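Feature list (source: Swiss-Prot):
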type     : residues                     : note
ACT_SITE : 273                          : active site
ACT_SITE : 307                          : active site
BINDING  : 251, 252, 253, 254, 255, 256 : NAD(+) binding site
């Protein structure tokens, strides 16, 4: 197994970009102990970009042991909270200083538009790091009065303290590779935990570069480890490792169930941010053009590869035809192509496998009798994993598969409704409950619908708006626990009680 303290300067390069191809364990850049590798692809072309280690049980064991040792080390355990804060703030500065590089690397590996990579991956990641850095110095306990009887000459003092949970396993998806990594590691490190991060096998490159910058920011060796590999090997070993105290996972509900079950058996803390099938509800008073633009943004942002994508559109019957006609115009006008090209509005699906899965869902919509308004299965580009923006009209309110199955792509089904009770019932029929949006000028109606929706986040006249101070998570099959804000801090700390008799 090859080891080095710094990332190899002779890495493969594309257009001047260094492409990481080793993982970080204990402050050293290493290959897998098996020397096996995984290919990493450019989804805009289907070409191989580089390869990364195909980590397995032995590599996970090494990473967790490193994280556990650092957790107990004076370098980390005795580090003042203000020092952890400074490291995270420096890391935010480094992300911005290397913003162009990181954005291009993300677009090459993930396929998203370069502007999204700059704004959401780099810009938002820096914002989240700065917000979570502040929590390092603001963890508080409480002082309590006890009621149990004591001898007359004995008094007591009691207090609580928020302490790190321990080694955190952070397993992230491929749709926002850099941002999702920061969503996990920033609160974990701010609270004094150590982390083993496993990025998605499709999109590991910016996570590896993030780890390199974290070392440059002053993070002690072993505080952050990155293991690349497949979910069924590296991910499974990480979830089951006895020295991992908490698992933080974002991904599919299917995998989330497996992880949650494993954590339950081993009594690990776990937070799961899982699938979604978010409804977009347009009331009769909404301007049809605003409704169409809002619905298009809700489903086509990031190529539809968003857990809260507004994939179920419900429009009041009085403006239904007007709205879907305007939506069709928007869908047909979207330019599909490489995220690095000027004038492109939507990039590729992340992988060949996912591309085929999205096309299967489109075929299901056609087979189930929905009206294809725009898009479809025809390839818009000669190469790469591209899908046309696709809109189905479900005028007859059929119980089609697209209403229940998460597509995770640019595929929308639009259904009319006649009254509030009907649309609330339809919105809540999904097994998912991650997000929902309501489009109206009637605030009273919006608030009444909000009270009935089974969703972790409800937006009014916007969609997909998140903030580091705003808790984010789902109801029902969309997961357990919350990201962001004070709610996230609770998941990365536990309570120690102290009682003094004197």
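Glycine is treated like the rest: Cβ placed from N, Cα and C.
Ranking the binding-site residues 252, 255, 256 by Cα distance from residue 307 (active site) puts 252 first. Residues 249, 257, 258, 259, 274, 275 surround the recorded NAD(+) site, their Cβ atoms falling within 8 Å of the Cβ centroid of 251, 252, 253, 254, 255, 256, which are themselves excluded. Here residue 273 (active site) is positioned 8 angstrom away from residue 256 (NAD(+) binding site), judged by their C-alpha atoms. Of all Cβ atoms in the protein chains displayed, 16 besides its own lie within 10 Å of the Cβ of residue 252 (NAD(+) binding site). Between the candidate recorded positions, 254, 273, the densest Cβ environment within 10 Å is the one around 273. Put simply, residue 273 (active site) is 7 Å from residue 251 (NAD(+) binding site) when counted between their Cα atoms. Inclusion criterion for the binding-site residues 252, 253, 254, 255: a C-alpha placed within 10 angstroms of the C-alpha of residue 273 (active site); this criterion is met by 252, 253. Proximity of residue 255 (NAD(+) binding site) to non-local residues of its own chain (separation of 6 or more, Cβ distance below 8 Å) is seen for 231, 249, given in sequence order. For the recorded positions 251, 256, 307, the greatest number of Cβ atoms within 10 Å around a candidate Cβ is found at 307.
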